[in-house]
Amino acid sequence: MTDTPLISLRSATFGYADRTVVEGVTLTQGPGEVIALLGPNGSGKSTLVKGLLGLSDHLGGEVVLFGTPLARFREKPRIGYVPQRHSLSSSVRATVREVVEVGRLPLRPFWRPSGSEDARAVDEALDAVGLRDREREDVATLSGGQQRRVLIARALAAGPDLLVMDEPTAGVDAANQAVLAEVLSGLAARGTSMLIVTHELAALRDVVTRIVCMDAGHVDFDGAPTAWASGHRGHEAGDAHHHPSPTEAGHSPGLAGIVTDTLPTREVRP
Amino acid sequence: MSDLLSLDFMRQALVAAVLVGLAAPLVGAFLVQRRMSLIGDGIGHVALAGVAIGILTGSMPVFTALVAAVAAAVGVELIRAAGRTSGDIALAVMFYGGIALGVVLISKSSATSPGNLTGYLFGAILTTSRTDIAVFAALAVVVVAVTWALRHRFFAVANDEEFARAAGMPVMGYNIALSVLTAVTVVVSMRVVGLLLITALMIIPNATAQLVSRSFRSSLLAASVIGILSSVGGVVLSFYAETPSGGTIVLLAIATFLVTSVLTGVVARARRAAHERAERHDHEHGPACGHPAIEHDGHVDYLHDGHRHAPHRDHYDEHDGHTHESGADGPGGQQTEEVAR
């Protein structure tokens with residue numbers, strides 16, 4: 001592994017057409033880091049990660065991916081995207097394996113059929129999320145948590161250097177959240193770098209190595225989970241509680257933090 | 001059947017039926033997947049304007065219909081990509097403008113009768129000229145080849161456009177390609193099933209295939225087979241029953257769908273009664289769950305407190321329910337192979 005940062009943002013601004021959603025974000029992610037991107041609804045978390053993927057517009061500042069400026073970045077499969085989907089059920093039948101095989105397509109020209117290397121990568125991705133035994137099931141018959149793992153496997157199949165996940169645990173029941181957390185910690189143990197947009201840090205507490213907190217289109221906390229736990233818990237369940245700086249370490253958790261920890265999982269829709 | 005094949009025009013008609021029966025469901029599968037089942041109908045409306053222009057100017061109606069249909073197909077994708085809320089209305093203006101223009105122009109032409117118009121709208125394979133059939137056949141082969149070559153990409157883009165875009169796939173290009181393939185299929189099929197009925201042959205075999213398949217791959221194959229059988233069967237039937245080929249083909253496809261859905265409904269009910277769900281437990285079986293995995297007959301069971309759990313959909317079934325050779329002597333028996341995973 002080299003020391004080139006996977007992501008390097010300097011005063012980056014993202015949005016849609018001429019509407020700015022995220023402004024002046026400076027952020028660097030190194031290899032092996034697992035960052036949880038927290039913040040209330042509408043704080044710009046999704047817009048930020050979509051900007052990295054070319055799904056929202058880059059409006060200003062500097063964005064460098066794997067040492068290449070975003071505008072010239074062509075190795076898109078190096079970033080594995082796990083979109084926010086509450087259901088994979090579609091209008092046609094598709095097996096788990098067929099959906100995961102999609103992850104391999106960007107790596108080969110359209111005239112080349114899939115080979116043994118593709119099959120091996122798909123096997124490995126299915127093993128990593130524990131769905132090899134259900135590879136021939138119709139994805140629409142799986143539970144929400146299992147479908148989320150199918151999407152993770154699809155992203156893993158391309159062998160990405162960075163996994164970007166949008167709310168992987170949203171709308172997933174507790175038992176399946178535990179399985180998901182297990183899958184993610186397995187990936188982290190293998191050295192997979194991840195950028196995880198989430199509202200539910202509790203489920204991912206043991207996986208995350210760094211926390212970035214956003215509010216109103218700006219980053220208002222960036223540091224270790226321990227520092228965040230002592231002063232910034234209010235963001236977890238998406239309230240608009242705003243802390244002006246990350247220097248308040250040593251604070252006891254606020255009332256909001258205690259209350260939100262006991263709340264059941266909430267579905268979050270954009 | 002031999003008297004049928006001895007007729008020159010009948011041989012042509014059957015070749016056309018096979019090609020259309022294969023091409024239409026193949027392209028239609030991705031339209032169903034994108035929830036754009038009726039787009040072929042709209043493109044067919046615009047193709048009629050092309051036919052009318054061809055008749056009026058004395059050029060080949062097939063060629064002008066093709067130009068109009070492909071232009072409409074590209075227009076559909078551009079309107080969709082713009083993502084305006086008024087896109088739906090723009091499509092309606094385009095489609096109904098097309099058919100209205102077609103009807104008005106054809107009425108101004110001295111060379112045609114109302115019967116001719118019906119031939120384009122509902123199919124009249126037996127009155128199609130030899131050169132037209134040669135052109136249709138060549139185009140149909142191209143449609144089938146391109147669709148087959150790009151089937152994984154079309155599947156990926158229709159399955160999750162956002163992911164495909166993030167992974168760097170040319171989503172817009174594939175969408176336009178599919179739309180153009182739809183347009184060519186509509187024109188190729190207009191003499192066999194007709195502009196107003198072709199969408200049925202694109203969609204209904206796929207609806208039937210969804211009932212009997214478990215994967216996208218198998219549903220694509222099943223839809224092609226059902227499409228060819230309906231199409232060829234419809235042409236043969238229409239010859240003996242002296243009915244229009246298009247309507248006969250579509251009725252045959254619908255009958256296949258109805259019979260299949262009744263049969264699969266009965267089978268599903270029987271299966272549901274036969275299969276027993278395992279007790280619920282909080283963990284998922286896997287390499288790390290501690291329960292020995294037993295791989296056999298192409299699936300994996302897990303030995304759980306002395307009985308076997310087989311993954312099914314989102315849950316586990318009790319394995320005792322169904323029989324197989326090694327099941328008789330129970331878990332841990334001689335023939336079962338415990339796999340260290």
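In case you wondered, yes, glycine gets a Cβ from its N, Cα and C as well.
The compositional bias 'Basic and acidic residues' annotation in TrEMBL covers B:296-305 (among others).
The compositional bias 'Basic and acidic residues' annotation in TrEMBL covers B:313-327 (among others).
Positions annotated as region 'Disordered' by TrEMBL: B:296-341.
For the transmembrane segment (B:12-31), the list of distant contacts is 5, 37, 39-40, 125-126, 128, 130, 133, 136-137, 140-141, 143-144, 147-148, 154-155, 158, 178, 181-182, 185, 188-189, 191-193, 198-199, 201-203, 205-206, 209, 216, 219-220, 223-224, 226-232, 234-236, 239, 245, 249: same-chain residues at least six beyond its ends, Cβ to Cβ under 8 Å. Per TrEMBL, transmembrane segment is recorded for B:12-31 (among others).
Sequence annotations record features per position, and here TrEMBL assigns transmembrane segment to B:62-82 (among others).
The annotation transmembrane segment is assigned in TrEMBL to B:89-107 (among others). Beyond the transmembrane segment (B:89-107), the same-chain residues lying 6 or more positions past its ends with a Cβ under 8 Å from any Cβ of the stretch are 41-43, 45-53, 55-56, 68, 72, 75-76, 79, 116-117.
Sequence annotations record features per position, and here TrEMBL assigns transmembrane segment to B:133-150 (among others).
Annotation source TrEMBL lists transmembrane segment at B:171-188 (among others). Listed by sequence, the residues of this chain that lie at least six past the ends of the transmembrane segment (B:171-188) yet keep a Cβ under 8 A from its Cβ atoms are 19-20, 23-24, 27, 30-31, 34, 39-40, 43-44, 47, 62, 65-66, 69-70, 72-74, 76-77, 80-81, 136, 139-140, 142-143, 146-147, 150, 153-154, 157, 161, 164-165, 195, 198, 202.
Among the features that TrEMBL reports, transmembrane segment is placed at B:220-241 (among others).
Annotated transmembrane segment per TrEMBL: B:247-268 (among others), in sequence order. Below 8 angstroms of C-beta separation, residues 17, 21, 122-123, 192-193, 197, 200-201, 204-205, 207-208, 211-212, 226-227, 229-231, 233-235, 237-238, 241 of the same chain, each at least six residues beyond the ends of the transmembrane segment (B:247-268), sit close to that stretch.
Sequence-distant contacts of the transmembrane segment (B:220-241) (same chain, at least 6 residues past either end, Cβ-Cβ under 8 Å): 1, 4, 10, 13-14, 17-18, 20-22, 24-26, 28-29, 125-126, 151, 192-193, 201, 204-206, 208-209, 212-213, 248-253, 256. In terms of DSSP helix, strand and coil, the compositional bias 'Basic and acidic residues' (B:296-305) has 0 helix, 7 strand, 3 coil.
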